[in-house]
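Take a look at the structure below.
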Amino acid sequence: MSNPKHTLFWMTLFLAVVAVVCALIYKPLQTAFMANWVFNLLILCVLLIGIAITYRQVFVLFPELRWVAQFRTGHAGLSVLQEPRLLKPLARQLDDDSKRDRFSLSTMSLRTVLDAIHSRMDEQREITRYFISLLIFLGLLGTFWGLLGTINSVGEVIVNLDMGQEDFGEVFAGLQSGLLKPLEGMGTAFSSSLLGLGGSLVLGFLDIQAGHAQNRFYDGLEEWLTGVTNLVDRVEDAPQ
């Protein structure tokens, strides 16, 4: 089976590249972040949680691989290993055979086990996809929040604008000071959109890599179990 360490390497390398790019444009990012630091901090926290979840999806494959390795190598001591989480349907299906460090599996049982394992993998990936959608939603929410503030502020500026004054310099100064608040709202809108969409792109790439690791693990498991099942079926169909 494929080693997930390669996936961890590419995920970490990608995050390192993102960190370097952020360091190179630190000043503009800081200005954008401080436009609404509370809302943007929420987006950043969601991104960090999503990154941790994608890494966990890869790390959970290592104990499953060790558990499968005991079967494939035929080493004793399988019964003392901790029951796997992702492969729990397989462990439950083998039951007493696993305690004797051997097993057999029929074709029908194979399909049931593989479907259950595939369902568990999909459940894990659904969490990551939710966080990707949440980042996009938070980015759009920040955009609309900032635009609403901008519209209200522009309305206040127009209402407070006194065109009856003879000193147009004073009118222009009032207009200039009044437009500062709408511009702050635009900063909130675009900074939240930038962080939300950028975070979703980062998390989306990591989700793709984690999905590839899970798919390679599943394909290797299916190939191995299919070979064992064919062997069992041939033995059962052999003439007595």
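The backbone N, Cα and C atoms fix where each Cβ goes, glycine too.
Annotation source TrEMBL lists transmembrane segment at 7-26 (among others).
The transmembrane segment annotation in TrEMBL covers 38-62 (among others).
Residues or ranges marked as domain 'MotA/TolQ/ExbB proton channel' in TrEMBL: 107-189.
Outside the transmembrane segment (130-148) by six or more residues, the chain places 36, 39-40, 42-43, 46-47, 49-50, 53, 185-197, 199-200, 203-204, 207 with a CB less than 8 A from a CB of the stretch. Residues or ranges marked as transmembrane segment in TrEMBL: 130-148 (among others).
Per TrEMBL, transmembrane segment is recorded for 185-206 (among others).
Remote same-chain residues near the transmembrane segment (7-26) are listed as 51, 54-55, 58, 202, 205-206, 209-210, 212-213 (criterion: CB distance under 8 Å, separation of at least six residues from the stretch ends). Computed over the domain 'MotA/TolQ/ExbB proton channel' (107-189), the whole-number mean pLDDT of the model equals 75.
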